[in-house]
C-alpha cells in the first residue's frame, strides 16, 4: 500500500507531541495536523507547565509512572541542550507543603524527579502554618514556546498543519487512512464522550522576578510556579464549569492564598489572568478503535482526557498513541495484502 495518511486532530501539547512521536516511529507515514485552534489559543497555553503528576484513579500507577518518567527524561534532555531556552524548558527547585502529613509521604513519582526529600525543620519555618513538607527539583515547561518548538520540529519533517474544525470523524475518511483524536475537551462533542468533563482552571501570571522557587500546597490547589519571564499563581478546580471568562473575586482569592505562602508577592505587578478548561476523565482515553459505517472501516486512535496532568505525561502518552498507530498501519497492510490474494 502507499504511504499511510494519518490525520492528528488537535494542536495542544498532546496533539503536537503525538504527531511528532508518529513521525519518529512511523517514518513511512504522511502526517497532517488539523485543529481549529493553534498556540497561543489552546488549553495547553494556559497550563502552568510544572512536571508534578496528577493521579488518574482509573489508570494503573505503574502506567502513570512510566508516562511521567518518559516525559521527564525527554524534557530533561532538552533542558540540557542548546534548545532549552527556545523550547521553554528549565529546572526549578522548591517545596510542597502540608498542614498535616499526607497518607503517602512518598508519592509514586518521587524517584523520577531530582533530589526528593522531606523538608528540614529549618525550611518549614518559612511556612509557619505547615507541619510537613517535601523538597525536590523538577522541570517547568513554558507551554507557549514549547508548542511553537514542537510546531517547528514537525514542519521540518514535512508535517502539514491546517486550521480546520472537525465536526465528525467520518468527514475525514476519504482523505486519511487513520485518525488520531487529540481534541481534549473537544472530544465531549466530537465523539460524544460523556465520561469527559471540564475542570475550569483560573491562573494569574505576574511579574515577580525575585521569586525563584516553586511553592505548592499539598492539595495542589494553591501554587506559585516561577517561569522564565513571569510567575504563575493558582489556582481553581471547578468541575463541570464551561465558563472561560475570568472572575475578579477568584483572582483576589488566588492572589491572597499565594501571598499567605509567599508574602513578598504583595509587591508583584502586571497581573494577567488566564482561564482554561482541563479535559478531565477517570482515566486518560488511550485506545484503538475501528469505526464501521455501512461496511466502511475507519481506524481511530484516541489520546485525550489528561485533565490537570497533561504536561507531566504528554510524551509518555504520545509514545503509546504512536505505537497504536503502528498497529493500525500493520492491520491496514495485512488487509490490503489479503485483498490482493
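Indices start at 1 and increase along the chain as displayed.
Placement of Cβ uses the backbone N, Cα and C atoms for every residue, glycine included.
Some features that TrEMBL has for this protein:
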- 1-19: signal peptide (SIGNAL)
- 5-324: domain 'FAD dependent oxidoreductase' (DOMAIN)
- 43, 44, 183: FAD binding site (BINDING)
- 223, 278: D-dopa binding site (BINDING)
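This view paints the features noted in TrEMBL onto the structure.
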{"residue": "43", "record": "FAD binding site", "CB count, 10 Å": "25"}
{"residue": "44", "record": "FAD binding site", "CB count, 10 Å": "30"}
{"residue": "183", "record": "FAD binding site", "CB count, 10 Å": "29"}
{"residue": "223", "record": "D-dopa binding site", "CB count, 10 Å": "24"}
{"residue": "278", "record": "D-dopa binding site", "CB count, 10 Å": "24"}
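Taking only the Cα positions, the spacing between residue 278 (D-dopa binding site) and residue 43 (FAD binding site) is 7 angstrom.
Cα spacing between residue 183 (FAD binding site) and residue 223 (D-dopa binding site): 27 Å, rounded to the nearest whole number.
Residues 43, 44, 183 make up the record's FAD site, and a Cβ search at 8 Å around their centroid adds 10, 11, 12, 13, 14, 15, 37, 42, 182, 184, 185, 186, 279, 310 from the same chain. The distance from the Cα of residue 43 (FAD binding site) to the Cα of residue 223 (D-dopa binding site) comes to 19 Å. Across the fold, the C-alpha of residue 44 (FAD binding site) and the C-alpha of residue 223 (D-dopa binding site) stand 18 Å from each other. Taking every pair among 43, 44, 183, the residues recorded as binding FAD, the greatest CA to CA distance is 11 Å.
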